[in-house]
């Protein structure tokens, strides 16, 4: 099985910027950790795929967080990624599932809802943040990220996202693409791109056929039209730690920590993103109080 990775490329003489990713293993890791049911897995996996490709557009230590909140039964989907291909995600209600929709596909729109927004916060370093948001227009997510780029970042784009789930709830395949029109692109190039996208198979079909990220871009943009610039491995990775949660407990204040010691004789923290649990003993909390004096 091919490991997850993202490719970045140019097409049509540099007038098109393109990203594609296979994210099957990363989405599987998230599914296992959160025990998501199929519709939730598809929604979470599509969001992870978009987020990890958006991360590939960053540099150095920059990172971003994407929050999808369509006010649907799944609640919020939160994913973050960095420039190194690390991605993690969780959903408020992982056991969300519905019968297949009219097209015989997982009903992601029903789970996500259509009465909310996508918010993107980019940490670009030096305590500098870029924040953008756009309304959810479809709930299927690919169209919603396309709309986000057009309205919030003024970049005409096409975003395709697909997740296939096996009958046993495991992830069969996951992946997607982001194709963007660069400033100065000719009308001819834009027309060619629109035609190519209108004629392409759904992303889920491309990944089901076992296409690589390079194969996805070649399939959409045509063999020989794509110049691959680089590739980055992608993986589910959580940077939580015992120390980070201890700092978070410190932020609750002395009164709350005294209460933890007196009533609970310790504390437990659970990471939303990966499900890891961290235990803090009475003595550890008492030591923490000492450092706060």
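Just so it is clear, glycine is given a Cβ too, placed from its N, Cα and C backbone atoms.
Feature list (source: Swiss-Prot):
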{"type": "DISULFID", "residues": "238-240", "note": "disulfide bond"}
{"type": "DISULFID", "residues": "271-274", "note": "disulfide bond"}
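Everything Swiss-Prot records as a feature, shown here on the structure.
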residue	record	Cβ within 10 Å
238	disulfide bond	20
240	disulfide bond	18
271	disulfide bond	18
274	disulfide bond	19
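Residue 271 (disulfide bond) sits 9 Å from residue 238 (disulfide bond), taking the CA atoms of both as reference points. Counting in whole angstrom, residue 238 (disulfide bond) lies 6 from residue 274 (disulfide bond) by their C-alpha atoms. Rounded to a whole value, the Cα-Cα separation of residue 274 (disulfide bond) and residue 240 (disulfide bond) is 8 Å.
Secondary structure at residue 238 (disulfide bond), taken from DSSP and collapsed to helix, strand or coil, is coil.
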